[in-house]
Amino acid sequence: MDERLYSPDGFRALLPVTFAVEETDKDVSESELFPEEKVQVMDAVRSRRREFATVRVCARQALGKLGWPPVSILSGRRREPIWPEGIVGSMTHCDGYRAAAVASKTDAVAVGIDAEINEPLPVEVVDLIMAGHEAQALSILASSDPQIAWGRLLFSIKESIYKAWYPLTASWLDFAQCEVSIGANTFTGRLCVPAPAVNGIDLSCIRGRWTVYREHLLTAALVG
């Protein structure tokens, strides 16, 4: 087991110090939602309403570290969070973990974070998300550290890349349209679709970092 792949600091170990991060393993009451937020999940099951509320409380706490008052954070048409003007951010939730990360647009162009439980994905699901040489790479990684669910890590990386990609392009990105190379706590995603340049940054290649945090896999993709 390579101890470098494990961190006690969560997303704080993956993002620049200019980011504010909040995380929790306990859900809050849905009463924490703003009225307009409640409308967006009024038909959802209770567990979904609570996770929706909890990540927004995390986001408001993170924004507070940047000097922002509590604000409503609605979801867009693809369930992406709509941040206040001048802010980039991302939220994630999975079994036993919720988190949000935000920064000023003067410090980053886009960010995507994702958390997943460190448990294997079904083989047929991994097959669906792979592109290019990823199958061979995952086989090598699995033999080097079998305690890490590498297929699920690949899924998480592609999720975080999509979360950074979508706010800049407003376009869908399929799992097979991004080929990922995984290094020690780092990753590079090379897009197999035409990618624009934003603020002079070529989006055809999006990089990030990952770690194992307690029983979870955390990934963060950063543009700028």
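In case you wondered, yes, glycine gets a Cβ from its N, Cα and C as well.
TrEMBL does not curate its annotations; it predicts them automatically.
As recorded in TrEMBL:
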- 37-103: domain '4'-phosphopantetheinyl transferase N-terminal' (DOMAIN)
- Arg48, Arg56, Thr92, His93, Asp114, Glu159, Lys163, Leu173: CoA binding site (BINDING)
- 110-182: domain '4'-phosphopantetheinyl transferase' (DOMAIN)
- Asp114, Ala115, Glu116: Mg(2+) binding site (BINDING)
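Each residue in Thr92, Cys94, Tyr97, Ile113, Ser156, Glu159, Ser160, His216, Leu217, Leu218, Thr219 lies on the same chain as Asp114, Ala115, Glu116 and has a C-beta within 8 Å of the C-beta centroid of that Mg(2+) site, without being one of the site residues. Shown are the binding-site residues Ala115, Leu173; of these, the residue with the fewest other Cβ atoms within 10 Å is Leu173. Taking the binding-site residues Asp114, Glu116, Glu159 in turn and counting surrounding C-beta atoms within 10 angstroms, the largest count is reached at Asp114. Taking the binding-site residues Arg56, His93, Lys163 in turn, the residue surrounded by the fewest other Cβ atoms inside 10 Å of its Cβ turns out to be His93. Taking all protein chains in view, 26 other C-beta atoms sit within 10 angstroms of the C-beta of Thr92 (CoA binding site). Pairwise Cα distances among Arg48, Arg56, Thr92, His93, Asp114, Glu159, Lys163, Leu173, the recorded CoA-binding residues, top out at 25 Å. Under the three-state DSSP scheme, Leu173 (CoA binding site) falls in the coil class. Secondary structure of the domain '4'-phosphopantetheinyl transferase N-terminal' (37-103), assigned with DSSP and counted as helix (H, G, I), strand (E, B) and coil, comes to 24 helix, 17 strand, 26 coil.
In sequence order, Val41 make up the list of same-chain residues 6 or more apart from Arg48 (CoA binding site) whose Cβ falls under 8 Å from its Cβ. According to DSSP, Glu159 (CoA binding site) is assigned to a helical segment. Broken down by DSSP into helix, strand and coil, the domain '4'-phosphopantetheinyl transferase' (110-182) contains 41 helix, 13 strand, 19 coil.
Note: the CA-CA distance between Glu159 (CoA binding site) and Glu116 (Mg(2+) binding site) rounds to 10 Å.
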